[in-house]
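First the structure, in the form of structure tokens, and then the observations on it.
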Amino acid sequence: MPGKSGLGWWWARLPLCLLLSLYGPWMPSSLGKPKGHPHMNSIRIDGDITLGGLFPVHGRGSEGKACGELKKEKGIHRLEAMLFALDRINNDPDLLPNITLGARILDTCSRDTHALEQSLTFVQALIEKDGTEVRCGSGGPPIITKPERVVGVIGASGSSVSIMVANILRLFKIPQISYASTAPDLSDNSRYDFFSRVVPSDTYQAQAMVDIVRALKWNYVSTVASEGSYGESGVEAFIQKSREDGGVCIAQSVKIPREPKAGEFDKIIRRLLETSNARAVIIFANEDDIRRVLEAARRANQTGHFFWMGSDSWGSKIAPVLHLEEVAEGAVTILPKRMSVRGFDRYFSSRTLDNNRRNIWFAEFWEDNFHCKLSRHALKKGSHVKKCTNRERIGQDSAYEQEGKVQFVIDAVYAMGHALHAMHRDLCPGRVGLCPRMDPVDGTQLLKYIRNVNFSGIAGNPVTFNENGDAPGRYDIYQYQLRNDSAEYKVIGSWTDHLHLRIERMHWPGSGQQLPRSICSLPCQPGERKKTVKGMPCCWHCEPCTGYQYQVDRYTCKTCPYDMRPTENRTGCRPIPIIKLEWDSPWAVLPLFLAVVGIAATLFVVITFVRYNDTPIVKASGRELSYVLLAGIFLCYATTFLMIAEPDLGTCSLRRIFLGLGMSISYAALLTKTNRIYRIFEQGKRSVSAPRFISPASQLAITFSLISLQLLGICVWFVVDPSHSVVDFQDQRTLDPRFARGVLKCDISDLSLICLLGYSMLLMVTCTVYAIKTRGVPETFNEAKPIGFTMYTTCIVWLAFIPIFFGTSQSADKLYIQTTTLTVSVSLSASVSLGMLYMPKVYIILFHPEQNVPKRKRSLKAVVTAATMSNKFTQKGNFRPNGEAKSELCENLEAPALATKQTYVTYTNHAI
């Protein structure tokens, strides 16, 4: 160490000198004090090496007072733990042999500013001026009590106190080991390089508390912190860890002032109630503030509403919850892993006023512990306080339970002792007592030895420090439980790098073992996505997945693939049911009935015509075209079975071919017939020569030519768009996915269907036009009128079909309605043709065979004459109103001679 007279040494300590000039009047000891004068504000134990001690013997004072009430456990127990450790080390022949450890122990009064004043005692020996030139009034030298040289400090308790003291001690390179300060700020080795601690940093504690919160499935909590380094840093570390791990949000973050005003704690409770869902409250506060928070909660009638989680400052202490058991019930607290030191229990229980005079506060403790007074003058008249007898015994006449930090106080003293022992072994090998290299002790060297210690603590736990002077994180987790009117802290788990929590051991007020809730929003139901509140990821609104959406994850709804629909709870997708028109469907009953009856009737007509093929009626109907027409009618009925059959490649191909082909065959045959009649009568108006292409062979050629156009179009369609079946999921994609269906059908769109039937419709319309034009032929040419009625009726059927078919395109039963409408319309069209053109003939053939005989024949000349005279005598009224020639004009000219002289075409009236 540089000489004290050096300029650099004084310059480095200039700030402290200024500080001392401010606090000089309040210095705990002053120069010139007579030797042996008792230090009433500190404990002084002589030794070869002196250790400082800082303990909160008293609480924080009020109304301008520095100190308040005595703290029995947190103050006296811890102080006695240091004395106990010093006794053990001094009596240990293997640890610091022939070297006695002394102590200078001060009371911090739980206040950082007061602790700063007291700690100046530790550096007093380093900055005192030499008093040899000072002379008393009598001329003699003054009697000076030289202050001891403190080489290391044990303490302090509160983090804010340790921070304040550490800022001074580092200037004089005095190592400091705390037994209770856990603020994360103290891990900053650049600012607090001479600070170490045998308790873990609140960084570990905060991580442990976050893990507990997550294990209890709480995601919305409030925090309460005492103003100062411990509380604020602890809460800050908790918030930081909760953000890093995610899943925990802070509802309120409340700070308790150092000097709270009246009603401050009631205000804190009201603020916590603003977010009533955040029932879990994380507390980083000193025990006085903890107690006042609990009292305020009781005043607000909120017993059982809040679930407290206290840091190690709460731990397993009785003082914060005394007479507040119901409010504190269920509180989860955390405490660095510790064990009760049995030797200390025996030591402390044996302390009396006689054998513990070195503890200047023990008498005050005695009075407080046994509720008595040592001085008779202190007794007030009428008071129930008795006089102390000095026969009281701790643990017998008063309750006793070892304070939680006793183990760490002892470990801190032993850490200093082991470091000094290692330092003495290296610097003074083989020397008994201190050697010049350790007189004085170099604080920088001592710090290195402190950071390198590794020994088993008083409870068997390893004591080590990391590069920042922190101890490893090891915690016990407690819950304050009320059982059968008795309260106790029960161990429910531990934390060493990761959490071990036995939830089954926990007990909650009002709900037993059921975990209480402290959440911002209730969990969303299956099929609902979370829409988080901005800046508060633990709060959300639940929005249901709608339509065809399903829940992908907690935050996303996604539309199912086109061929699927969401499950009932919308957590996935399932295939959309595929439907088709079944044979047993009610929609198929009528089409199948009409088709079966129609096919039977058609076959009956065909059989009848074949059997009576050579009779006049069959001949007169034009046998060739009649059979072609019957084939078309049969195909129209047969198409129903193709439309109801399950769609596949074969079925769809046959549908394309026969759906329009049957109608094309029917209307092509009818068109050929009406065209023949029309041409015959039109030709007869102009000349007596027969029109061309009226022979049966010509009629068949014309019919098949018309049919071939339909077949050609179908072939082109097959080439351009090969036939196949599809499942149409859009056809019945209802708003409610529960009713969605996929329709198995042939790949024939409505437009394709129009094109497919369009040619047949064109033939039908053309045939209808010719039927209108031939409505005036004579009654004897009796096929013209039935064909006309057939076409009129058919047009009506198809005019009704169009709005029904296309008007139901958006219906849920589109498949059934359109298929039924189409098949019924085709069957009705076939039935009209079959009924009007063939049933009368079959009736005559079967029931009136007497009419199935040849009638008078007419020549083409008679027809031409009738057609010519119809124009001539229209005004004379010799013709019927519809222009038909009177039957008297239609003589049957059968004379053979006449037939050989003139060119006539002979035919019967039914052959037209």
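From the backbone N, Cα and C atoms, a Cβ is placed for every residue, glycine too.
Per Swiss-Prot, signal peptide is recorded for 1-32, and the stated evidence type is sequence analysis.
The feature topological domain 'Extracellular' is assigned by Swiss-Prot to 33-586 (among others), with sequence analysis given as support.
The annotation disulfide bond is assigned in Swiss-Prot to Cys67-Cys109 (among others). Look at Cys67 (disulfide bond): DSSP puts it in a strand. Other Cβ atoms within 10 Å of the Cβ of Cys67 (disulfide bond), summed over all protein chains shown, number 19.
Among the features that Swiss-Prot reports, N-linked glycosylation site is placed at Asn98 (among others). Secondary structure at Asn98 (N-linked glycosylation site), taken from DSSP and collapsed to helix, strand or coil, is coil.
Classification of Asp312 (L-glutamate binding site) by DSSP places it in coil, neither helical nor stranded. Taken from Swiss-Prot, the feature L-glutamate binding site applies to Ser159, Ala180, Ser181, Thr182, Tyr230, Asp312, Lys405, supported by similarity to another entry.
The disulfide bond annotation in Swiss-Prot covers Cys249-Cys538 (among others). With a cut-off of 8 Å between CB atoms and residues at least 6 apart in sequence, the same chain places Asn219, Tyr220, Val221, Ser242, Cys520, Met536, Pro537, Cys538, Cys539 near Cys249 (disulfide bond), listed in sequence order.
Just so you know, the Cβ of Asn301 (N-linked glycosylation site) picks up 8 other Cβ atoms within 10 Å once every protein chain is counted. According to Swiss-Prot, the feature N-linked glycosylation site maps to Asn301 (among others).
The feature disulfide bond is assigned by Swiss-Prot to Cys372-Cys388 (among others). Residues near Cys372 (disulfide bond) in space but far in sequence (CB under 8 A, at least 6 apart, same chain), listed by position: Trp366, Val385, Lys386, Lys387, Cys388, Thr389, Glu392.
Less than 8 angstroms from the CB of Cys435 (disulfide bond) sit His424, Leu427, Cys428, each of them six or more residues away in the same chain. According to Swiss-Prot, the feature disulfide bond maps to Cys428-Cys435 (among others), an assignment based on similarity to another entry.
All protein chains considered, the CB of Asn454 (N-linked glycosylation site) has 10 other CB atoms within 10 Å. According to DSSP, Asn454 (N-linked glycosylation site) is assigned to coil rather than to any helix or strand. Residues annotated as N-linked glycosylation site in Swiss-Prot, with sequence analysis given as evidence: Asn454 (among others).
According to its DSSP assignment, Asn484 (N-linked glycosylation site) is coil. The annotation N-linked glycosylation site is assigned in Swiss-Prot to Asn484 (among others).
Per Swiss-Prot, disulfide bond is recorded for Cys520-Cys539 (among others), and the stated evidence type is similarity to another entry. DSSP gives Cys520 (disulfide bond) a coil state; it is part of no helix or strand.
With a cut-off of 8 Å between CB atoms and residues at least 6 apart in sequence, the same chain places Lys530, Trp540, Cys542, Arg554 near Cys524 (disulfide bond), listed in sequence order. Positions annotated as disulfide bond by Swiss-Prot, on the basis of similarity to another entry: Cys524-Cys542 (among others).
Per Swiss-Prot, disulfide bond is recorded for Cys545-Cys557 (among others), and the stated evidence type is similarity to another entry. Cys557 (disulfide bond) is surrounded by 20 other CB atoms, counting those within 10 A of its CB over all protein chains shown.
The annotation disulfide bond is assigned in Swiss-Prot to Cys560-Cys573 (among others) on the grounds of similarity to another entry. Counting every protein chain shown, the number of other Cβ atoms lying within 10 Å of the Cβ of Cys560 (disulfide bond) is 22.
DSSP assigns Asn569 (N-linked glycosylation site) to coil in the three-state reduction, outside any helix or strand. Per Swiss-Prot, the feature N-linked glycosylation site maps to Asn569 (among others); the stated evidence is sequence analysis.
Where the transmembrane segment (827-847) meets the stretches 587-607, 625-645, 700-720, 752-772, 787-807, the count of C-beta pairs under 8 angstroms peaks at 587-607. Annotated pair Cys545 (disulfide bond) and Cys573 (disulfide bond), C-alpha to C-alpha distance, rounded: 12 Å. Tertiary neighbourhood of the topological domain 'Extracellular' (721-751): same-chain residues 547-548, 560, 562-563, 565-566, 576-580, 646-649, 651-653, 655-656, 806, 809, 812, 814-815, selected by CB-CB distance under 8 Å and a gap of 6+ residues from either end. Applying an 8 A CB threshold to same-chain residues 6+ apart, the list for Lys405 (L-glutamate binding site) reads Lys74, Arg78, Ala81, Ser157, Tyr179, Ala180, Val199, Arg338. Cα to Cα, Asn484 (N-linked glycosylation site) and Asn301 (N-linked glycosylation site) are separated by 23 Å.
Cβ contacts within 10 Å of Asn484 (N-linked glycosylation site), excluding its own Cβ and spanning all protein chains shown: 4. Listed by sequence, the residues of this chain that lie at least six past the ends of the transmembrane segment (587-607) yet keep a Cβ under 8 A from its Cβ atoms are 581, 627, 630, 633-634, 636-638, 640-641, 643-644, 813, 816-817, 819-820, 823-824, 827-828, 830-831, 834, 838-839, 842. The C-beta environment of Thr182 (L-glutamate binding site), restricted to residues of the same chain at least 6 apart in sequence and closer than 8 Å, consists of Ser159, Arg197, Val199, Pro200, Ser201, Asp202, Gln205, Tyr230, Gly234, Ser311, Asp312, Pro336.
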